[in-house]
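According to TrEMBL:
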- 7-25: transmembrane segment (TRANSMEM)
- 37-54: transmembrane segment (TRANSMEM)
- 61-84: transmembrane segment (TRANSMEM)
- 90-109: transmembrane segment (TRANSMEM)
- 138-157: transmembrane segment (TRANSMEM)
- 164-183: transmembrane segment (TRANSMEM)
- 207-226: transmembrane segment (TRANSMEM)
Amino acid sequence: MNRFKYLHIYLPVFFVLWIGLFIDSKLVANHFVNNQYITNILVLIVFVWIYLKVSVKIKKLMLYGLILAFLGEALFALVLGMYTYRLENLPLYVPLGHSMIYAAVFYIAKEPILKINKELSINILFVLMLIYSTAWLVFANDVFGFLCMLVIVYLFRRKPHTKLFFLIMFFMIVYLELIGTYYENWYWPEIWFDKISFIPSANPPSGISVFYFGFDVGCLLIYKLLNKQKWKRLRNLQKIKREKI
């Protein structure tokens, strides 16, 4: 049995997040002012590659995700100032990246090696999440990130079947945020929204992946509204699987 059946889908995401953010970094911008265009093109190419490789359902979710990501980024970055991009704009590669990450995490969670060892994987990742966020709270005064992590723990109690997906998402976003802030593609202010002084934040906040719960709900809601019959069949299949367990 191939333990890494979907490596061809999610490995390019890890690669393009690193190389794409490096190309769009302040370091490269000091020598080449049009570097963001290169990252946009590179991410678009990888987006198309992944789109062609995933299932019909994930194709639709990726497209819905583009809309939600654009609206969410415009609201949180441009309007509310929750974080700021290097050029104080909304790079094209950002909404594309959100959809790619969503698809990548979906297929990582489907890997046979994780499905066979699901409970062990959940337990290990959960403990690592607690350690990571606590360390950022202690050493970087990351109250905002820690509060976000606590919201994730609460949501796990409400939606326990989502644990593996969102624990993988947590560390995928950790990877993304550490690279993006290191290369100064974006930065987070020292307090929440740069206005709420009693909630200090690290750059980046540790538990910011909590917003992907909203992203997931939004994508699934659009899918449900536009694919009612398929959604009904999907929910029935999920119900049957849970009853068997």
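Even glycines carry a Cβ here, placed using N, Cα and C.
TrEMBL: automatically predicted annotations, no manual curation.
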**Message:** I'm a bit unsure how to read this: which one of 7-25, 37-54, 90-109, 207-226 has the highest number of Cβ pairs shorter than 8 Å with the transmembrane segment (61-84)?
**Reply:** 90-109
**Request:** State the non-local partners of the transmembrane segment (90-109) in its own chain: residues 6+ outside its ends, Cβ under 8 Å from one of its Cβ atoms.
**Result:** 6, 9-10, 13-14, 16-17, 20, 24, 36, 39-40, 42-44, 46-47, 50, 54, 58, 61-63, 65-66, 68-70, 73-74, 77-78, 164-165, 168-169, 172-173, 176, 212, 215-216, 219
**Request:** State the non-local partners of the transmembrane segment (138-157) in its own chain: residues 6+ outside its ends, Cβ under 8 Å from one of its Cβ atoms.
**Result:** 126, 129-130, 163, 166, 170, 192, 199-202, 204-210, 213
